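Report on the structure given below.
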Amino acid sequence: MKLSSFGLFLALQLLPALGLPSRIDEVDVSDPELIGLLKPDNVDKPANSIPLSKRSTSPSYAPYTVACPSGSLLRPASDGLSTGEQEFVDKRVSKVNSALESFISKTGLKIDTKSVLNDTDGPRLGIAISGGGFPAMLTGAGAINAFDARNGNTTSLGGILQSSMYLTGLSGGSWLVGSVAVNNFANITFLHDDVWNLDHSLFAPYDDAFENFYIYQEWFEQVLQKKNAGFNVSITDLWGRALALKLVNPLTGGANTTFSSVTNETWFQDGEFPFPIIIADNVIEGETVIPLNDTVFEFTPIEFGTWDTGVESFIPMEYTGTHLINGIPLNESCVRNFDNAGFLMGTSSNVFSGILPATNASLTASNNTFNNAVLSFLEMLAEDQLDVGLYPNPYQGYGNASNTTTTNPLEPYPIIELIDGGSDSEGIPFWPLLHPQRDVDVIFAIDGGYQSATSGWPDGSSLVSTYERVLATNSSGVRGFPYIPDTNTFLALGLNTHPTFFGCDGRNTTAGNHTVNDDTPPLVVYFPNYPWTMYANVTTYTVQLEDTLSSGMIENAAVAATQNNSDSFAVCVACALVQRSLERKNMSTPSQCASCFNQYCWNGTIASTTVTTYAPTVLSAKI
């Protein structure tokens, strides 16, 4: 990752401005001389510039304390779904079944829908949006737009969004999930046109240089509010403030918009759209490479925590930020407002922890003053734990209630350090959808990740990583996963050039050859980014996209997801949706589906030839 000189300068100012350890002289960001240094030549302050005094009245970013409920705040994972999530699922089941019936009827798939959809044992779909910055967000947005029945009959897959129970995201995918969740699940066109403002840089959101300076000063002040309230802060807080202006609220910046407040949104209370989940990876102090078996944390509007062995517990999202000892608050006070939506999305997409390992060699090789300064800055971030999201540990002193033989890896630490949800190479957030408590039958995996070895196009590596994690952990705590080939096979067989189904036969998965039941691993439908209407292989670190580019990427993803609005492919999608339900109920697979599976399911072949180059060309005209 390359830091712009402007971005580096502002990052360098953040640390002394917050009073944090630094090798840089103290700098007062409000000093008139500093403002003079930043003032562009021959540019006067515009009359309509927003005064700093008005910006200072923005809602507080600082967490605050409230009285705690009695008893332990931690819920063991062995309890199953939280009460709040279960209530949401119960409200949504009938809506999902109704949407599925409409979609299946529209496709013309000949099955007895009443038998398949007549109870809570009907198909349960989860949609997973990959990481990869704004390009991944836009790829996911294109797929979601194609899946949205609110767009009428303009796409062949309209209704899939309404048929889904869960929506997960990590890194750039978390930006999409978080943005739709806090904006009352507005449609993609509205978000693109009226919220995201991607034609302005993430690091320079306004046309006027003074406005950009003032917004940075506002962000500094907001993060200082949090620090002065007694909480650890890091560069992730500033990152989250920048993201929130793009993704949460372009007018106020969402300084006090929390993820738990999603429960107050009309769509959530009515169960109208899928349950949102954002994930981040835990990093233990001293780790420079994140292992594949790291602890994966979930953020939902209901709670924060993990199903993973050793911790296996959750705290209510509204009280995230409360430091607990053995599940009990230290001073009988609970923290509120810590779960800032921008901060959570910033945590899930925190790439700063990857900067030092990725750039150390190249910076060291070029022995010049600027590179040495950058390297020194990055080392400082790592040494002082300022390159991670810092969360007061609710698990300190907590013995795992469901498995006392397993050590809680977070037990000694007062602070949990969280980083980009794809840091363990699992670039698609499958993990929350594999836990048996959620009963997910099929996962639609939207892959907009940038892979440098394949000219920026997906190569299936994210599926491979999750498959390897499941094998390495012996499926501990999860239902298993379909068999996945190596990335060379993806390229050689073209599995990354179109939607590909994995696990079509529920008896042939990592769970073994067993009768298909509620514990059978889900079928995975893989939707890779591909150049149907344009070259959408934009680098992860792109922070500004012209409207024509961003809208074009959304359109390209929609065309790729629908296979250019193919009615025959829509039938095959319907087959994937109902397959596990048919298998569980011992119902025969329709002949239409047999033909679909022959075309789209990976048949187990492993490529023997090595692919050395991969550079696809634009495929078709627009819809």
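Any Cβ shown, glycine's included, is placed from N, Cα and C.
The domain 'PLA2c' annotation in Swiss-Prot covers 67-607.
Under the DSSP three-state reduction, Asn118 (N-linked glycosylation site) is assigned to coil, being neither helix nor strand. Sequence annotations record features per position, and here Swiss-Prot assigns N-linked glycosylation site to Asn118 (among others).
What Swiss-Prot records for Asn264 (among others) is N-linked glycosylation site, and it gives sequence analysis as the kind of evidence. For Asn264 (N-linked glycosylation site), the count of additional Cβ atoms within 10 Å of its Cβ stands at 10 [all protein chains shown]. Taken residue by residue with DSSP, Asn264 (N-linked glycosylation site) is part of a helix.
Feature annotation from Swiss-Prot assigns N-linked glycosylation site to Asn293 (among others). Asn293 (N-linked glycosylation site) falls within neither a helix nor a strand when secondary structure is assigned with DSSP, and so counts as coil. The number of other CB atoms found within 10 A of the CB of Asn293 (N-linked glycosylation site), across every protein chain shown, is 14.
For Asn360 (among others), the entry in Swiss-Prot reads N-linked glycosylation site.
The N-linked glycosylation site annotation in Swiss-Prot covers Asn400 (among others).
Residues or ranges marked as N-linked glycosylation site by Swiss-Prot on the basis of sequence analysis: Asn403 (among others).
Taken from Swiss-Prot, the feature N-linked glycosylation site applies to Asn474 (among others), supported by sequence analysis.
For the recorded site, Asn508 (N-linked glycosylation site), the DSSP three-state label reads coil. Annotated N-linked glycosylation site per Swiss-Prot: Asn508 (among others), in sequence order, evidence recorded as sequence analysis.
Residues within less than 8 Å, Cβ to Cβ, of Asn513 (N-linked glycosylation site) and separated from it by at least 6 positions along the same chain comprise Arg507. The N-linked glycosylation site annotation in Swiss-Prot covers Asn513 (among others) and rests on sequence analysis.
Annotation source Swiss-Prot lists N-linked glycosylation site at Asn564 (among others), citing sequence analysis. All protein chains considered, the CB of Asn564 (N-linked glycosylation site) has 17 other CB atoms within 10 Å.
Taking a C-beta cut-off of under 8 angstroms and a sequence separation of 6 or more, Asn586 (N-linked glycosylation site) has no same-chain neighbours. What Swiss-Prot records for Asn586 (among others) is N-linked glycosylation site, and it gives sequence analysis as the kind of evidence.
Residues or ranges marked as N-linked glycosylation site in Swiss-Prot: Asn603 (among others). All protein chains included, Asn603 (N-linked glycosylation site) registers 8 other Cβ atoms within 10 Å of its own Cβ.
For 1-19, the entry in Swiss-Prot reads signal peptide.
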Stretch-averaged pLDDT - the domain 'PLA2c' (67-607): 91
Other CB atoms, at most 10 A from the CB of Asn118 (N-linked glycosylation site): 12
Collapsed DSSP category at Asn586 (N-linked glycosylation site): coil
Proximal residue to Asn293 (N-linked glycosylation site) among glycosylation sites Asn118, Asn508, Asn564, Asn603 (C-alpha distance): Asn508
Of the glycosylation sites listed as Asn118, Asn508, Asn564, Asn603, the one whose CA lies nearest the CA of Asn264 (N-linked glycosylation site): Asn118
Of the glycosylation sites listed as Asn118, Asn508, Asn603, the one whose CA lies nearest the CA of Asn564 (N-linked glycosylation site): Asn603
Asn508 (N-linked glycosylation site) and Asn603 (N-linked glycosylation site), Cα-Cα, nearest whole angstrom: 11
Cα-to-Cα gap, Asn118 (N-linked glycosylation site) vs Asn508 (N-linked glycosylation site), nearest whole Å: 27
